[in-house]
Amino acid sequence: MARVRMWDVVWVGMVVVVCMGGLKLALVPSYASTDYYVHRAWLALTHTTPMAEWYTDATSQWTLDYPPFFAWFEYLLSLAMPYIEPSLVVKIDDAGAAELDAASPRAKIVHRATVMVADLVLALGAVYAVYGFWYPYPPRSFAKVETVDDSGTAGGIRGGGGVAAGGSSIWSSPQAISLVLILGSPALLLLDHVHFQYNGMLTGLLLLSIGGVTSRSGYALTAAAYAALLGFKHLYLVLGLVYTVFLFKAVVVQPRASLGSISLARFAILAGIVVAVLGAAFAPFVAAGSGWAMLERLFPFKRGLVHAYWAPNVWALYCGAEVALSSGSATRLTSGLVGEGAFSVLPSISPGTTALLTVLAMLPSVAKVWLTTPAGALVAAPRGDAARFLRYLQRPAIVFIHGLVEVSLASFLFGWHVHEKALIVPLIPLAVLAPTSPRYAGMFTFLQAVAHVALFPLFPPGVLTPLKIGVSVCYTLYIYAMLSPALPKLYVAYLVGLVPMLGFAYLVAPLALPSLVFLPTMAISLYCAVGVVMAYLWILLY
């Protein structure tokens, strides 16, 4: 197979975007979730209210609780709405929003179209990160080089050397496979185009920051994109330790020098970029006197340890143990309501406890990033034969992405009031690594299955059940068709167990135990929590 050019990768991205666009258009009539009305309220808020009041206004129960850049994003969208669909920027109560939707069906089409347009950031970030990760060598080069997989296999792609068995098409290249895995993600499709959010745009910013590392020449872009990402969604703050440690070791520390030899100029550039971007985001609100109100909105600790649907993490297992030990009397935990749940048997968990455990769980991953990142890797990477490419050019990117996956899983497992959608943070970067080795392909296969099943309770049963199961199954079949995932027997057994667990949740429990309304979602949450723990341990110990 000839060298994969930038245009080849762009072409693959364009084709996948168009194909996924058709599916997204078909999903426009989907149900209106809570988040649909949340973002509708924010459109109206930013359009009709002075900036200084964005984080204090409480006209709607859906108050603004995203960082400033996202607020400005909503404001920019609202500027066009009076000319396209004026009802979207009418500031009314929540019941009135539903009435307006009924009176103007076009509102849902227009609002969902904004998500589709924002997804172009995802496509841009994916192409940039994936192309840079594999440049300058074509996939076939890896048949001659020991890859990141310790088993000595020549890569995670069927046929070895990055080309599917019997095929030489661009679609069998690792670049194309990663792009399909990212742009065709069922998690992003369901969350953004059924449930309604803008995760694709945010993930695109994350991939742009990763692309600055994979291209080995854009560390300034890495810092700027990550800082901008924090200005859009503070969920990504948990990745900050990996960004800080990696960029300091790979950019600030001088190549082939002792730790004491650092580049103050490069440190000043990185620090200046981060301060400038974050300052642009937060300073106007601090100056307007709403800085404290904004912080209270961004970190609402009174919402409780777990969400209405328990995200599949350590605290879901903890709540499950509480329900079992209290003989099912922990009604607040199983009420499906957001708020602080009372523990009657086990000790209550404070936000400080979750923060401490999260940091402790991150430390091994951060230490690994520091120890395995070559000094000056992004400023003095030699170019040469394939062996040098692997050792000096691709390996730092692998270290960085692997570190991001680890710390995001750690924060998911131990964080306060975690949402199940946060699993896309480790999942999408792992798609970049999936074609590099059978083990990474196995890790991705396992995590995506757990993550997608964990998202199922977000979508009402009925007509959406075939959709969410169908797209997840097709995605998994694609992975097995294009890659060679290597999974331990225990992990294979777990994946097989997903089938009877879903049968219990969707068939047995509703029919045999209809009074236990929370039981189906609790079964999914607890089983998937075990899966996330297994995925974390596998990736951590690799």
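Using the three backbone atoms N, Cα and C, a Cβ is placed for every residue, glycine included.
Over in TrEMBL, the protein carries these features:
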{"type": "TRANSMEM", "residues": "6-27", "note": "transmembrane segment"}
{"type": "TRANSMEM", "residues": "113-134", "note": "transmembrane segment"}
{"type": "TRANSMEM", "residues": "176-194", "note": "transmembrane segment"}
{"type": "TRANSMEM", "residues": "206-229", "note": "transmembrane segment"}
{"type": "TRANSMEM", "residues": "235-252", "note": "transmembrane segment"}
{"type": "TRANSMEM", "residues": "264-287", "note": "transmembrane segment"}
{"type": "TRANSMEM", "residues": "307-325", "note": "transmembrane segment"}
{"type": "TRANSMEM", "residues": "337-363", "note": "transmembrane segment"}
{"type": "TRANSMEM", "residues": "397-419", "note": "transmembrane segment"}
{"type": "TRANSMEM", "residues": "465-483", "note": "transmembrane segment"}
{"type": "TRANSMEM", "residues": "490-509", "note": "transmembrane segment"}
{"type": "TRANSMEM", "residues": "515-541", "note": "transmembrane segment"}
Verify whether three or more Cβ pairs under 8 angstroms connect the transmembrane segment (206-229) with the transmembrane segment (397-419), leaving out any pair fewer than 6 apart in sequence.
yes
Leading stretch by Cβ pairs under 8 Å, where the reference is the transmembrane segment (176-194) and the options are 6-27, 113-134, 465-483, 515-541
6-27
Cβ under 8 Å to the transmembrane segment (307-325), counting only same-chain residues 6 or more beyond its ends: which ones?
333-334, 336-338, 341, 343-346, 349, 354, 412-415, 417-420, 422, 450, 454, 457-458, 521-522, 524-533
